[in-house]
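Database features (TrEMBL):
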- 74-92: transmembrane segment (TRANSMEM)
- GLY80, VAL83, ASN87, ASN345, LEU474, SER478: Na(+) binding site (BINDING)
- 104-125: transmembrane segment (TRANSMEM)
- 146-174: transmembrane segment (TRANSMEM)
- 232-251: transmembrane segment (TRANSMEM)
- 263-286: transmembrane segment (TRANSMEM)
- 306-327: transmembrane segment (TRANSMEM)
- 339-360: transmembrane segment (TRANSMEM)
- 462-488: transmembrane segment (TRANSMEM)
- 500-519: transmembrane segment (TRANSMEM)
- 531-552: transmembrane segment (TRANSMEM)
- 572-598: transmembrane segment (TRANSMEM)
- 618-643: transmembrane segment (TRANSMEM)
- 684-730: region 'Disordered' (REGION)
- 705-730: compositional bias 'Polar residues' (COMPBIAS)
Amino acid sequence: MPKNTKVTQREHSNEPVTESVADLLSLEHPMDYKSSQMSMGLSPGSTAPVKALLPSPDPDAEDGRPAWNNKLEYILAQVGFSVGLGNVWRFPYLCQKNGGGAYLVPYFILLLLIGIPLFFLELAVGQRIRRGSIGVWNYVYPQLGGIGVSSLMVCGFVGLYYNVIIGWSIFYFFQSFQYPLPWAECPIQRNGTQAIVVPECEKSSATTYFWYRQTLNITSSIDDTGGLNWKMTLSLLVAWILVCLAVIKGIQSSGKVMYFSSLFPYVVLFCFLVRGLLLKGAVDGIAHMFTPKLEKMLEPQVWREAATQVFFALGLGFGGVIAFSSYNKRDNNCHFDATLVSVINFVTSILATLVVFAVLGFKANVMNEKCVVDNAEKILGYLNTGVLSKELIPPHINFSHLSTEDYAEMYGVIKTVKEGSFDQLGLDACMLEDELNKAVQGTGLAFIAFTEAMTHFPASPFWSVMFFFMLINLGLGSMIGTMTGITTPILDAFKIRKEILCVACCVIAFLLGLLFVQRSGNYFVTMFDDYSAGLPLTVVVILENISVAWIYGTKRFMQDLEDMLGFKPYSFYYYMWRYVSPAVLVVLIIATVIEMAISPAGYNAWVEAEGAERFHSYPPWALAMAYALIVVAMLPLPIVYIVRHFNLISDGSNKLSVSYRKGMMKDISNLEEQDEQRFILGKNPSETPSPMPAHRAYLGPGGTQEMTNTNYGTSTKTGYQNIGSPESEL
């Protein structure tokens with residue numbers, strides 16, 4: 001290092017210098033201004049450490065971090081993570097429940113207010129800092145480093161039960177290779193010389209019986225575990241093997257997998273849409289979807305559920321979005337990525353909803369025709385026994401070819417004439433609208449409603465194989481993102497072989513997942529789905545928003561984006577991050593807490609004797625377990641804050657003594673460019689890289705003065721502190 005620089009003069013003075021500072025000054029990595037990272041805004045008088053880890057000249061090439069082979073693989077990976085099983089069954093269910101087309105309005109509004117802005121935020125910080133969720137938030141604000149740990153915990157909880165659903169899909173996939181499909185008809189049992197339909201199946205339906213009895217072999221309550229279901233245990237093992245193989249190969253291989261796993265579901269959805277539109281009654285289902293019930297838009301519950309769906313549809317807070325974007329080059333246009341993936345996600349939800357409503361329209365017509373036939377037989381019996389007079393039947397009605405319109409006319413006449421004793425006849429109205437209004441949620445939509453509709457398809461095994469193969473692909477795409485959200489932060493923090501970590505995670509997850517493949521396992525899937533992710537993820541995302549927009553600073557973050565992207569982002573994002581998104585998230589948290597307080601905590605148990613579900617409240621131990629999931633997921637937030645606030649553990653950065661920090665900040669701010677480069681590189685000026693081009697500080701919307709950053713009483717222009725590349729070998 002040249003002896004005449006101001007810094008070396010400072011070093012030879014009597015000012016105390018900590019050992020870590022000496023280590024820092026001895027580093028001889030060249031400074032790459034363009035690749036420097038975000039700095040933590042410090043208030044005057046703060047004693048928080050200043051991060052000054054120096055990256056290599058070309059981080060993308062020399063930090064050992066993998067990178068996407070091309071932009072398309074990255075986009076497909078993000079699409080595969082965000083587009084999942086929820087798009088196929090959760091969104092259509094909410095659309096059906098909350099007013100059809102009217103539900104699309106609040107969903108689209110909230111997608112603009114919280115969905116795209118927060119998705120853009122996560123993409124940007126992951127790409128800028130090039131670390132997983134734990135590393136990102138440790139560097140943005142160490143005291144909120146628990147954000148990344150909570151994300152990892154939630155990913156773990158969700159991955160445990162999400163892979164069980166993939167296991168169910170694998171079981172149905174292999175069961176589909178037979179004709180007729182095993183859930184097409186109720187099984188027959190022998191009672192001596194007499195053959196009768198299994199009573200449980202007769203009281204429900206063939207597809208419902210196959211789901212609850214043949215697949216889950218479910219118990220009647222959560223208290224009765226019933227032991228392991230070996231068929232589901234094997235299916236879960238296969239699911240974890242597939243996930244492990246996909247994740248262990250890394251993003252170079254998983255990116256290629258995404259070509260198939262992300263695109264194949266769209267092929268199947270389009271095939272189902274074309275086939276569904278050719279089915280009888282499909283138009284009735286589509287019309288039902290796009291007939292808006294505008295009064296529903298005035299209900300707060302609709303907006304809360306729309307916000308929650310936007311929140312989970314994009315995978316916000318899981319860490320997978322940050323992990324995937326951390327493998328990008330720093331000049332990648334993540335704003336375009338955020339908009340594109342969000343639009344694709346929304347369009348996919350609409351496409352899946354069209355398919356679902358076409359199939360439900362067909363199913364509703366089939367069930368309505370069955371209702372007409374069953375009730376027509378009752379009326380014929382009443383006519384033959386003299387309970388009803390034949391004069392009540394209009395002369396043009398032919399019972400051998402009875403249409404729904406003819407039945408409705410006959411039903412209306414009988415109801416009017418027999419008003420006093422009509423209820424005793426036990427006749428149903430058989431209204432198509434009633435069938436369409438029967439909302440089927442979650443697993444019931446895929447494993448009961450869809451399977452029942454497919455039994456009426458020509459070549460039903462082919463469509464069943466295609467459908468469940470699509471579900472497996474959708475699930476695997478989301479699971480790869482979820483597992484990446486777990487493994488990337490750990491690999492960034494510790495030197496460990498990726499193969500060993502992935503195998504260990506999958507083995508542990510499979511063993512813990514045995515909870516869900518007991519005969520009572522479906523009740524625990526419901527519990528984890530209701531409690532492990534909703535509130536903790538919302539808290540995680542609002543803290544992400546606050547740490548960037550209010551602690552780090554929205555103006556500084558906008559300047560970082562301008563330097564990274566090469567253009568200034570729209571002022572729309574400034575106001576969303578600063579005010580609107582945090583306000584919406586606060587309202588969502590309050591609404592969620594209120595709903596948890598006033599709604600009874602319980603689950604729908606299958607009652608074998610009745611062949612139907614009945615709501616049961618959680619026993620005390622199960623209720624304690626449900627709330628423990630919330631507490632455990634959010635516990636890292638206060639713990640990390642406390643230990644970092646009181647300096648009980650290090651945040652991993654080099655620490656400067658207060659006396660040295662004041663002098664160093666003043667001297668470095670006055671260094672000439674060549675002196676500064678020689679100080680950092682320890683080389684001649686001719687060997688140094690060209691400095692970063694001067695840039696204009698972001699003034700904020702309507703700003704007129706250049707932004708400054710005050711550190712320890714010294715005013716300096718806003719700059720970046722450099723973050724080192726991950727030490728792990730990925």
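Backbone N, Cα and C define each Cβ position, glycine as well.
Long-range neighbours of the transmembrane segment (74-92) within the same chain, counting only residues 6 or more positions beyond its ends whose Cβ lies under 8 Å from a Cβ of the stretch, are 68, 162, 165, 251, 254-255, 258-259, 261-263, 265, 309, 312-315, 320-321, 324-325, 327-328, 337, 340-341, 344-345, 348-349, 352-353, 356-357, 441-443, 445-446, 471, 474-478, 480-482.
Counting other C-beta atoms within 10 Å of each candidate's C-beta, the binding-site residues ASN345, SER478 are led by SER478.
Counting same-chain residues at least six beyond the ends of the transmembrane segment (263-286), those with a Cβ under 8 angstroms from any Cβ of the stretch are 76, 83, 348, 351-352, 354-355, 357-366, 432, 436, 457, 463, 466-467, 469-470, 473-474. Counted as Cβ pairs under 8 Å, contacts with the transmembrane segment (531-552) are highest for 146-174 among 104-125, 146-174, 306-327, 339-360, 500-519. It is 462-488 that, among the stretches 104-125, 339-360, 462-488, 618-643, forms the most Cβ pairs under 8 Å with the transmembrane segment (232-251). Contact counts against the transmembrane segment (500-519), taken as Cβ pairs under 8 Å, peak for 146-174 among the stretches 146-174, 306-327, 339-360, 572-598, 618-643. Non-local neighbourhood of VAL83 (Na(+) binding site): SER262, PRO265, ILE344, ASN345, THR348, LEU474, GLY477, SER478, each in the same chain, at least six residues away, with C-beta under 8 Å from its C-beta. Packing against the transmembrane segment (146-174) from elsewhere in the chain are residues 85, 132-138, 215, 231-232, 235-236, 238-240, 242-243, 317-320, 443, 446-447, 451, 464-465, 468-469, 471-472, 475-476, 478-479, 482-483, 485-486, 489-490, 509, 512-513, 515-517, 521, 524-525, 528-529, 532-533, 536-537, 539-540, 543-544, 547, 629, 632-641: each is 6 or more residues past its ends and has a CB under 8 Å from a CB in it. For the transmembrane segment (306-327), the residues of the chain that approach it from at least six positions outside its boundaries are 65-68, 74, 77-78, 81-82, 86-87, 90-91, 94, 98, 103, 106-107, 110-111, 114-115, 118-119, 122-127, 129-133, 136, 148, 151-152, 154-155, 158, 251, 334, 337, 341-342, 345, 349, 478, 481-482, 484-486, 488-489, 533-534, 537-538, 540-541, 544, 584, 588, 592, judged by C-beta separation under 8 angstroms. Counting Cβ pairs under 8 Å to the transmembrane segment (339-360), the stretch among 104-125, 572-598, 618-643 with the most such contacts is 104-125. Within its own chain, the transmembrane segment (104-125) has Cβ neighbours under 8 Å at 38, 95, 136, 140, 292, 297, 302-303, 306-307, 309-311, 313-314, 316, 321-322, 325, 334-335, 337-339, 341-342, 346, 350, 541, 544-545, 548, 557, 560-561, 564, 572-573, 576-577, 580-581, 584-585, counting only residues six or more beyond its boundaries. Taking the mean position of the Cβ atoms of GLY80, VAL83, ASN87, ASN345, LEU474, SER478 as the Na(+) site, the remaining same-chain residues with a Cβ inside 8 Å of that point are VAL79, PHE81, SER82, GLY84, LEU85, GLY86, SER262, PRO265, THR348, GLY477. Taking the Cβ of ASN87 (Na(+) binding site) as centre and 10 Å as the limit, one finds 25 other Cβ atoms among all the protein chains shown.
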